[in-house]
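> Following this message is one structure expressed as structure tokens.
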Amino acid sequence: MHKLANILLITLFLTCLCEASLDQCKSDLIKWAEAAYSPADNKYSEMFLYSGKGINDLGLYFQCRDVDGAEYYIFEVQKSPAVVIGLCVPDTCTISDFWLLLSGNATTPLTETLMSYTSSLVYTTNPNLAESRRRLASGSDVFRRISKPSRHVYGIQDFTASAILMLVFCILLILLAIFGTATEFAVISMRSQSLLESSGESSINSEKDRQSLTSFDGVLKEKEKPKYIRILLCFSLYSNATKLFAIKDEKKKEPLDCLNFIRVVSICWVVFGHTHLYRLNNSVVLNVDKVPLQLTHFYFTTVYSGPYSVDTFFWLSGVLQGYLMTMQIAAHKKINWVMIVVHRFIRILPLYMFIILFQWSLTKYVGNGPKWYNAEDLMHSDCADYMWTYPLFINNFVLPSGVNRCLLGSWYLPNDMQFFLVSLPIMYLYVRHSRIFGWALLLIGISFSIISNASISYNEHLHVNLGHPENHQFMDDLYMKPYNRVAPYFIGLLTGFIYYSYKKKKAGEEFDSLAAAIAETVNNSRIVRFIMYGLGLFLINFFMFILYDAYDSYDSWSNSQNAAYFAFQKAAWGLALTLFFLPIFLGHMTFLRSFMQSNWWMPAAKLVFAVYLFHLVVGQIYFQSQPVSYFFSQMSVTMDAIFVAGITFLIVIPITLLVEAPMMNLEKILLHGK
């Protein structure tokens, strides 16, 4: 569409610059421009060679920086999604010179070319894009910003106070891990020597003795050890790695171990979707004007339906909460609710805040490249002002519309925490007072969520096609609010109730007659199970792939159709997961259950929480550090997603061993005395 204009763009740009009158800068620019038409063996030819030749062509940034007398500049029309021009020009020209040169010299063809590019970006509702179009239409300023990216090797003198504190904290964690590991091996050695002396034998033959030597729990059970030693042992890399990569014996596996498989698949889907989002909004895409055509391909339905992966995590949390918390409340007459909440905070908060603080303080020193000049602004420009909302788990409510987030995707955790807190009184009433009352409250909550989604989407004219111009408030008003996302979680709670009642009935006890009746019906009827499998798969595929029709054009769906989809999609997704997986939890479809319970998934499933948080950091650094323009295609983005997922899984292993695992160990000692 814009091929001819793209080829001529550099000529138009040169015309603008050379009409101005700054002596030295203009003289050098003329020599640089002449090199475009009569190449010669000089530095100006090299500069032109390393310059971009059209819109979103970054040229060769690093090669430009090696040319004597050259400087690299980015002329930015639009920040996100990027519409820029990268030029390697004489260093006699400064940013101020370019503003003077361009002032009043913008040609109509150049402005029209840039207008056509920004108008073609129909896949985004970024409000800054509308501002860019207005600016170009007015003809006042062609470019939003002119920047000079700097290739810089950072020294300690460049680090801010927050970065230095974070580095010191990381070093402290590493030292604790080293000392903790050394201490554990010393303790094991002393225990071994003690056992040998007491038994009078030259070797340890008892399996029980071997386990006590190598078991972290066995080490901690020695009450005579000073508390500081036990605290130091919490940081042992050996013990924490042993637990991280531990697998279950086949005889000890339970049906709910299938959730490990679902976790891993869901996090891969999350990374896949976010990779597309990053590439479209944060990278300089060479074929940016062709992207809208690619987005209508059937392949992209798997990207548009990516938010269902988060609904799957909500459903998973609900299943585990419904089963485990019901079991805990039923087994104990007195429940310490404060400690339950404290445990939840300790389980989530240390790793969560570590990754947020790591990104906020240190990532600015990690990346490099022509696009890195605005990485700080894109990644966490407002982080310092709103940091306090994250440990309180209220950032899905407090942050103003349009404010940059410290960590993309962090809206999920406050929702999950809020669901957890709301579920506690419901479960207490369910276990201690009335089963029917518990079911009724959850069904009312699901119904309220359906009505809330329908009313908000209908009143605000929100569209299933997320690129629709009217979707400015979609994220803030619909997507991130807990009352709109709670349906899969509540359905997961009901699934947990059914599974717990099934286990109790199997043990000869009656707990919830309704839940037990559902489980018994599923167990006793193959037809019912096949209907559940079929209906579950139908709902999953229906709500995923009907999106293809919605993205065919902006107005392919009416306001009522959009509202109906938003109303039922979350509840239908949670119901579909329950329909398909409940029979598997109850012991059926053995061949599939064996695959999902495989030991392959266990270590990866333990890393999923860290991967969810940190893949956002890896993706931003990777995409903001691009050395050249990116050509967007299905294969290239898929390979990027595989790379980001693989690298993130590797990186979070040491983070888990240094932060998450020690905090969980410390909780047992400091709060429970174990």
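We count from 1, first residue shown onward.
Using the three backbone atoms N, Cα and C, a Cβ is placed for every residue, glycine included.
No curator has checked TrEMBL annotations; they are predicted automatically.
Keep in mind that what you see is a predicted model, and the values were worked out from it rather than measured.
Found this in TrEMBL, in case it helps:
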- 1-20: signal peptide (SIGNAL)
- 159-182: transmembrane segment (TRANSMEM)
- 258-278: transmembrane segment (TRANSMEM)
- 258-654: domain 'Acyltransferase 3' (DOMAIN)
- 298-324: transmembrane segment (TRANSMEM)
- 345-362: transmembrane segment (TRANSMEM)
- 436-456: transmembrane segment (TRANSMEM)
- 486-502: transmembrane segment (TRANSMEM)
- 530-551: transmembrane segment (TRANSMEM)
- 571-592: transmembrane segment (TRANSMEM)
- 604-623: transmembrane segment (TRANSMEM)
- 635-659: transmembrane segment (TRANSMEM)
> Short question: most Cβ pairs under 8 Å with the transmembrane segment (345-362), which of 159-182, 298-324, 571-592, 635-659?
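Against the transmembrane segment (345-362), the leading stretch is 159-182.
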> Does the transmembrane segment (604-623) reach the transmembrane segment (258-278) with at least 3 CB pairs under 8 A, where each pair is 6 or more residues apart?
yes
> Which sequence positions outside the transmembrane segment (530-551), separated from its termini by at least 6 residues, show Cβ-Cβ distances below 8 Å to it?
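Those are 295-296, 298, 300-302, 304-305, 308, 463-465, 467, 522, 557, 562, 565, 569, 572-573, 575-583, 589, in sequence order.
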> Select the range from 159-182, 486-502, 571-592 that forms the most Cβ-Cβ pairs under 8 Å with the transmembrane segment (635-659).
159-182
> Averaging the per-residue pLDDT over the domain 'Acyltransferase 3' (258-654), what integer do you get?
90
